[in-house]
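> Take a look at the following structure, please.
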Amino acid sequence: MVSANLARTVVGIIGNVISLLLFLSPVPTFVQIWRKKSVEQFSPAPYLATLINCMVWVLYGLPVVHPNSTLVWTINGTGIAIEMVYLLLFLLYSDKKGRFKVLLIVLVEVIFIALAATLVLTLAHTPRKRTAIVGIVAVVFNTMMYASPLSVMKTVITTKSVEYMPFYVSLASFANGVAWSAYALIKFDPFILVPNGTGTLFAVAQLILYAVYYRSTQRQIAARQAKGDVGLSEVVVNGSSTKTNSSRNGLGLEGGLK
């Protein structure tokens with residue numbers, strides 16, 4: 001019989017792999033930025049949000065805060081490194097105003113995490129208390145991050161088109177939420193379960209919307225192509241696709257341990 005520890009480790013490793021794929025999903029966007037030497041209208045917001053989210057979860061996964069959480073801080077530590085590379089490209093290829101904004105927000109996030117870590121480690125004297133404090137903060141940030149696709153879902157319903165909601169990102173978000181929810185249930189951890197359970201529900205809603213508006217999206221694309229217009233978004237259907245600018249509108253989705 002498989003032990004709970006082994007099962008949790010296996011599920012955690014699967015969650016790490018899925019999360020890593022989500023972290024790497026914006027790579028094509030940043031290859032484009034690097035080639036053009038310009039961020040154009042791409043928004044840094046998703047990457048700044050992911051950075052603070054990962055930093056909070058690294059703090060949560062530290063042995064002095066929440067013991068036996070190696071798979072939590074490893075993937076989120078990796079996420080921090082990846083997001084810093086993305087944000088470095090924003091700093092290199094943004095205008096002066098955009099560069100200042102990104103630097104300011106990153107500085108605020110680092111100061112916030114430093115203060116939080118200092119206060120938690122000095123004022124809370126047991127792992128249980130530290131887990132509760134950092135866990136609540138992590139749930140707030142993570143739930144906000146998982147709720148970010150609501151704006152995309154509103155656009156889908158309004159336009160009856162899933163062009164700005166890439167299918168594979170929604171599917172990966174669903175798999176990510178399921179994996180980490182299972183991880184949290186094996187040895188009950190409400191601070192991991194709540195945001196990931198919520199994220200799973202949001203991902204299911206996105207997949208339902210995709211199924212509902214798939215045909216109307218195809219009709220809109222066909223009509224636009226008939227008029228000679230160029231589509232700006234991507235819909236992956238049976239291996240075929242058109243171009244996307246979902247990240248351009250700040251709608252790109254990422255994830256790590258949520």
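Each Cβ is built from the backbone N, Cα and C atoms, and glycine gets one as well.
TrEMBL annotations: computationally assigned, not manually curated.
What TrEMBL records for 6-24, 45-65, 71-93, 102-126, 132-153, 165-186, 192-214 is transmembrane segment.
What's the neighbourhood like for these features in this structure?
When Cβ-Cβ distances below 8 Å are used as the criterion, the transmembrane segment (71-93) is approached by residues 9, 12-13, 15-16, 19-20, 23-24, 26, 30, 33-34, 36-39, 44, 47-48, 50-51, 53-55, 57-58, 60-62, 99, 102-103, 106, 183, 192, 256-257 of the same chain, each at least six residues removed from its ends.
Residues 44, 48, 51-52, 55-56, 59, 64-65, 87, 90-91, 94, 133-134, 137 of the same chain lie 6 or more positions beyond the ends of the transmembrane segment (102-126) yet place their CB under 8 Å from a CB of it.
Within the same chain, residues 46, 49-50, 52-53, 56-57, 59-60, 65-66, 116, 120, 124, 164-165, 170, 173, 177, 190-191, 194-196, 198-199, 202, 205-206, 209, 246, 251, 253, 255, 258 sit at least 6 positions outside the transmembrane segment (132-153) and bring their C-beta atoms closer than 8 Å to a C-beta of that stretch.
Same-chain neighbours of the transmembrane segment (192-214): 72, 138-139, 142-143, 145-147, 149-150, 152-153, 156-157, 160-162, 165, 167, 170-171, 173-174, 176-178, 180-181, 183-185, 237, 255, 257-258, counting only residues six or more beyond its ends whose CB sits under 8 Å from a CB of the stretch.
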